[in-house]
Amino acid sequence: MSLRPTAARAAAAAEAAASQAQAPAAKGAQPPSALRLLLMGLLFHLAYIPSVFDCYFTSPVVHGMPHHSLPSSVPAPADRLVLIVADGLRADSLFNLSPFPSVPDSPAIVAPYLRQTAASRGAFGVSHTRVPTESRPGHVALIAGMYEDVSAVTTGWTANPVTFDSVLNQSTAAFSFGSPDILPMFASGAVEGRVRTWMYDEEEEDFTRDATELDVWVLERFRELLANATRDAALDGVLRGDKVVFFLHLLGLDTTGHSYRPHSKEYMRNIQLVDSIVHQVEQLVTAFYADARTAYIFTADHGMSNIGNHGDGHPDNTRTPLIAWGAGVRGPLPDGEGATHDAFSLPWGEPLTGLVRRDVEQADVAALMAVLIGADWPVNGVGVLPECRDSVHPGWLDFGPGEQGEKGMAAACVTNARVVLEQYRVKHELKKNHTALYTPFADLAAGPDELPGDGQLAAIDALYSAGDYHSTRRASAALIATSLRGLRYLQTYDQLLLRIVVTLGYLGWSAMSALQVLRMFVFPHAATLGETAPDLATEVAVILLAGLLVIQQSPWTYWVYAAAPVFFWRNVLFDLPVLAEAWKRLSAGQRGPMAVAGVLLRLVCVAVAIERMVAGYTNRHVWSLGFGVIGCLWPLTATSSGWWKSVRGRGLVAAWVGICGLDAAFGMLPVEKHEDLTVLMITGGAYVLIGLAAFAYLYNDPQAWVGNYSDSYPLIAVVALQTSLIGIATYATYGAVTSLQAREGLPAHSQMLGWTALLLSSASPFILATSDHRPNSRLLTYFLAFCPAFLILSISWEGLFYLAYSLTLYLWIEMEALLAPKVEVPAPPTDAGVKAGTDGMRVLRADDIRIALFFLFFVNIAFFGTGNVASLSNFYLEPVYRLVPVFKPFLMAVLLLYKVFLPYTIFAACLATLNKRLHLPPFSIYLVALSVTDGMTLAMFYNVRDEGSWLEIGQTLSHFVITSLLLVWNAGICVVGEWLMSGTTDLTTGSRKKTAVAASNGQDAKLD
């Protein structure tokens, strides 16, 4: 049902509009303006982007907890601790027998010293990391005992925005050696001078150099430290104190794994070097101290996938080796029936498979280190000692024989419980004091004069005093588990309120923008509601929200979030008469139930389309389904145009179905791809053939030869130049790929030709203006201009996708013109409209909602086509090496982003052309899409994750930000499109202008 009045109702509608025009508008409502609506939407969406951080990414770190350590009756097992972290080391690469079968003459045992240590005098197992499996969060878990602070997303994952405690800070002195990416975060916020660091320069972390040099550098600095102590009495005194920690961060394996993959000869040799470094470190420590009071821990921050990546939750990334030995650590124990081993550890072989394997969670290592040296535990730690997690099987600690050992392990578990409980208590007090109608965590509820957990702690102390150490460990484990659940409860306590406010904000914006678009383009003379009801509702809402925010002492951003829905819904109330007018128009000539069913059906279709586009962000096959719907279902439902009655109509629909089927096939292609020279040459050949075909077609077109070569050039000359540049780009790509794949470097001539083709071709439509102002001619030059860039920067299929996507957009223009219902009554022309070029524009119809959904669909396809639908390889660096062979991250990023933006240039030009072909007011498609875009934004807001890998967290967050900025991005597309197609003419537009001028001069106007 169209929102456009029919000819039969035109007189009545005009009379009603005239009477409504005399009605005064309410003072609270302002006349709608497209510019004001756009600016308001821009400010609103920018202001609401931080809401996702306030809702999901608040820091779990709190301060004010008292410190706890082993009681004085339990002596510390060790005086000092050496922590060695091999960054990026997989557990199977270290423990397995013959872990590198693809490397010729590789040894069966890659790390003989570490393996012999684990088998003869230490404890070993797997340290299970949590996602994100990255270096910084891995080290935070190991040394601070806390998992990833999700608020670090606000710093680009490079640092924690809130200072935290660590084992290094609780030592008497800590000496750390290694990467500048890791060490500074443990010195930041620590006691002045307690954590000393030795770091190499960031420039040393070069992927083109031998990464083992970094590990050797760490060993040499450690050697120098001990040597200096023999000549420096003050340093010697510090080193010989108790609670001293040495931290050696070995980055080489991570860099080598990224560059050569974890099954390479280079990775194997780096493990052998690390094994040698561990041996030399222990020899140095033994020689310096000449005692048995040193504890050693060797582990990794994360593993490495088979393709040299990490970050997600794949077992290859989350399973890292852990070996501990020395003072306070139990020795190897027989595992008679292999009860502690599974299929993963069977390849470790004897003797390891005959000994007890004890796995831990990564944050447990910090608790283990604090106990070994008797230091205060990190107050933010949530790690649990193995002795607490499982009181039946042997743990890692050795406090001595018999009852002495049992007492020490029980005391350590009680301390563990107190540390975790203290964090809950502090968070509980903060929340209770700043929250209206606060509800505490039920399992830790306490009386008015008690602290949470007092009852459980009293029971645990009674068991410990009675000498029931086994029960003490079990009760402590139960309290730890309860406290951890309570911490999660408090962390997410405020999410419900903020979600409600944000939801009302986005829904209010959608409702207000929809009503204002209807008022601007369909019902300009509709009345507005009186002031009383909107003002009363606004005052009540303001009082309630302000009172709640004051009681909770909410930050100023919460006031901004709350103000938006109040303002939007107030305007919705003023514009309710517009909704009534729309209902009258839609229900005219229909019975009530049928009208309601029709409206509901449209709303369901819009909701389903939005939901499917949201799903497409995580399931690329959805975009293939979308092409199937618009390719087949749309023509079948557009029967009023009678397209099947003409040969052109049938041919156009057949072409549309075929190109949509081709587009859908791209969504089925594998995501991970390798550089494919054959596909690249096919792509280049296809580009050249299209250029040659266009040249042959234009050869007999007189208008294509028009040009004076001063300020304009013949279209055929520009097409010939662009086609030649495509051929040069194809040749340059072939030479670059073959040489780089042969590891012979990038030929200078291939690099020069590639840059020349890319730059000249991309600039050609703007520096070589043609005399042919037909829209199709302009679109052709834009398409050919960007072919070289897409070819050079493609790794596989995405170059062909650019071709298919551009052809789809062109056919979309033709299909809309073919299937569009006839405009029954044009908008009356005016002198201003004639001058502005907007005369003869029709008003909006209900079918324009479908066009707006197509608009959103193609906006998303423009990105996912090059990034996800055709291939994620768009973000690999192999194509960039054809132009930039050395590591220059900024220039490489610019090239990759340029490739991503190119489809939007074609889309912008086609959208401007479509707008003119359908005689729509400028920006009208965009304004219709404005009211439905936030359906995607709101869905993305609820999909944001605060747990998982960096990839998972980052993707959900980036999806929300992308959809939040669609309003701005789409506006930019419309502006760029109008600029790209400015000056183009077609017969339809010209004839309508002549008709409009005639009508403005008092002559009868006819619609072509």
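Cβ coordinates come from backbone N, Cα and C, glycine included.
Here TrEMBL flags 485-949 as domain 'GPI ethanolamine phosphate transferase 1 C-terminal'.
Residues annotated as transmembrane segment in TrEMBL: 496-521 (among others).
Residues or ranges marked as transmembrane segment by TrEMBL: 533-551 (among others).
What TrEMBL lists as transmembrane segment is 558-580 (among others).
Using a Cβ-Cβ cut-off under 8 Å and counting only residues 6 or more beyond its ends in the same chain, the transmembrane segment (592-610) has close neighbours at 1, 583, 586, 846, 849, 853, 857, 932, 935-936, 939. Residues annotated as transmembrane segment in TrEMBL: 592-610 (among others).
Packing against the transmembrane segment (622-644) from elsewhere in the chain are residues 612-613, 615-616, 650, 652-653, 656-657, 659-661, 663-668, 815, 818-821, 850, 854, 857, 860-861, 864, 869: each is 6 or more residues past its ends and has a CB under 8 Å from a CB in it. Sequence annotations record features per position, and here TrEMBL assigns transmembrane segment to 622-644 (among others).
Summarising the annotation, TrEMBL assigns transmembrane segment to 650-671 (among others).
With a threshold of 8 Å between CB atoms, the same-chain residues lying at least 6 positions outside the transmembrane segment (719-740) that come near it are 675, 677, 680-681, 684-685, 687-688, 691-692, 694-695, 698, 746-747, 749-751, 753-754, 756-758, 760-761, 764, 768, 780-781, 784-785, 787-788, 791-792, 878, 881-882, 885. According to TrEMBL, the transmembrane segment annotation covers 719-740 (among others).
For the transmembrane segment (752-770), the residues of the chain that approach it from at least six positions outside its boundaries are 707, 711-715, 718, 721-722, 725-726, 728-729, 731-733, 735-736, 777-778, 781-782, 784-789, 792, 882-883, judged by C-beta separation under 8 angstroms. Per TrEMBL, transmembrane segment is recorded for 752-770 (among others).
Only residues 6 or more beyond the boundaries of the transmembrane segment (782-805), in the same chain, are considered here, and those with a CB under 8 A from a CB of the stretch are 659, 662-663, 666, 669, 673-676, 679-680, 682-684, 686-687, 690-691, 694, 719, 722-723, 725-726, 728-730, 732-733, 754, 757-758, 761-765, 861-862, 865-866, 869-871, 873-874, 876, 878-880, 882-883, 895-896, 898-899, 902-903, 905-906, 909, 980. Summarising the annotation, TrEMBL assigns transmembrane segment to 782-805 (among others).
According to TrEMBL, the feature transmembrane segment maps to 851-870 (among others).
For 890-911 (among others), the entry in TrEMBL reads transmembrane segment.
According to TrEMBL, the transmembrane segment annotation covers 956-981 (among others).
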Completion exercise
With the cut-off at Cβ under 8 Å and a gap of six or more residues from its ends, the chain residues touching the transmembrane segment (650-671) are 620-625, 627-628, 630-632, 635, 643-644, 797, 800-801, 804-805, 807-808, 811-812, 814-815, 818, 861, 865, 868-872
Fill in the blank from the handout: Under 8 Å Cβ-Cβ from the transmembrane segment (496-521), and at least six residues away from its ends along the same chain, one finds 3, 32-34, 37, 41, 44, 48, 51, 54-55, 548, 558, 561-562, 564-565, 567-569, 571-572, 575-576, 578-579, 581-582, 843-844, 921, 924, 927-928, 930-932, 934-935, 937-938, 941-942
